[in-house]
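If you look up TrEMBL, you'll see 59-139 marked as domain 'GHMP kinase N-terminal'. What TrEMBL lists as ATP binding site is ARG80, PRO81, SER82, SER83, GLY84, LEU85, GLY86, SER87, SER88, ALA89, ALA90. Feature annotation from TrEMBL assigns domain 'GHMP kinase C-terminal' to 199-266.
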Amino acid sequence: MLTVRAPATSANLGSGFDVFGVALGAPADVIRVERAPETSITITGAGSEYIPTDPEQNTVGAVADALEAPATIRIDKGVRPSSGLGSSAASAAGAAVALNALYDRGLSREELVPIAAEGEALVSGEAHADNVAPSLLGGFTIATDDGVTQVDASVPLVACLPETSVSTRDARGVVPKTASLEDVVDTVGHAATLAVGMTRDDPELVGRGLADAIVTPERSALIDGYDAVREAALEAGATGVTVSGAGPGVLAVCRESDRRGIAGAMMDAFDAAGIESRAYQTAVGEGARLYRDG
Ligand SMILES: Nc1ncnc2c1ncn2[C@@H]1O[C@H](COP(=O)(O)OP(=O)(O)O)[C@@H](O)[C@H]1O
Ligand SMILES: N[C@@H](CCOP(=O)(O)O)C(=O)O
């Protein structure tokens, strides 16, 4: 049996829609695999009751298919589905690493990105790689049609998840089809600022670079309490706040000394809006880790 711990991720980071992503130190999915004549899936953990065990409908089934690697797959969900932390992608990335090793396929982590993205196509309608890339490679990733660029980074974060859910497929429906040149110019500037900030481990630049006037305003309107939570985080010292992935999770960038206060302020603001939430005090972290259990 092989075990993989595959981290949650936060995609988009505001200005990098469908391109930017970071691996989070926590939470994570744990995937266990054993060779079998046919793929079967069992699921425990956060939100497991909402996730299909049919391999045709589960992201790990799509990965097993793509790698021609049938297996008994056990998923222990640490990443709650439809919360904006790349839950479906964490399972897909974990399965890709585990099955690649189980069947000695010899593919690199970069080569596994499009394979894991097959799982994302299954659930969201498009094979966007901005969650699977950081879950596989760790750090900060820039996923484009030309491939993935990765840098290790160490930037403190708070990911606050309300007890509501938004499906990525639905949230893709509100993304504007066009944008003004002024907004595009503005977003390119912020995206570049963010990328430089990641290379310097600079929370000020990363926080400033989250700003985006194209996708985030439409997405944040789907999240009850978003404006109050954002304000509360900024008042508590966050250097920037945005929607995590397709939401409803909210991501704050900060200095380490402010992280605890920001987490409390965000949860209090959701609470004031009548919504329970939980906050992960975390940071940009490592990619999927493989354990050989013998
Ligand atoms: N292994 C899996 N882990 C989580 N969700 C999965 C998995 N396989 C299929 N799904 C489905 O994917 C959807 C969640 O994916 P999505 O809406 O993209 O949110 P998330 O950001 O949490 O991945 C749910 O409908 C869930 O049932
Ligand atoms: N780029 C995608 C990212 C979705 O992330 P998720 O964690 O919400 O699945 C999008 O914004 O649609």
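In case you wondered, yes, glycine gets a Cβ from its N, Cα and C as well.
A TrEMBL annotation is a machine prediction, not a hand-curated record.
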Name the secondary structure element type, per DSSP in three states, that contains ALA90 (ATP binding site).
helix
Based on a Cβ-to-ligand 2 distance below 6 Å, what subset of the binding-site residues ARG80, SER82, GLY84 would you report?
GLY84
Are there residues of the same chain, six or more positions away from GLY84 (ATP binding site), whose CB falls under 8 angstroms from its CB, and which are they?
SER10, LEU161, VAL166, VAL243, SER244, GLY245, ALA246, GLY247, PRO248, GLY249
Long-range same-chain neighbours of ARG80 (ATP binding site), Cβ under 8 Å, sequence gap at least 6?
ALA46, GLY47, SER87, LEU161, SER165
Going by C-beta under 8 A and a gap of 6 or more residues, the same-chain neighbours of SER82 (ATP binding site) are GLY47, TYR50, SER165, VAL166, SER167, THR168
So around the ATP site, ARG80, PRO81, SER82, SER83, GLY84, LEU85, GLY86, SER87, SER88, ALA89, ALA90 aside, which residues have their CB within 8 A of the centroid of those CB atoms?
ALA8, VAL79, ASN131, GLY245
Taking ligand 1 as the reference, state which of the binding-site residues ARG80, SER82, GLY86, ALA90 have a Cβ closer than 6 Å to one of its atoms.
SER82, GLY86
Neighbourhood of SER88 (ATP binding site) by C-beta distance under 8 A, where only residues 6 or more apart in the same chain count
THR59, PRO81, GLY119, GLU120, VAL123, SER124, ASN131, THR168
By a simple count, how many Cβ atoms lie within 10 Å of the Cβ of ALA90 (ATP binding site), its own Cβ left out?
34
Set of same-chain residues at least 6 away whose C-beta sits under 8 angstroms from GLY86 (ATP binding site)
ALA8, THR9, SER10, ALA11, GLY21, VAL79, ASN131, VAL132, PRO134, SER135, GLY245
For the domain 'GHMP kinase C-terminal' (199-266), DSSP counts of helix, strand and coil?
33 helix, 8 strand, 27 coil
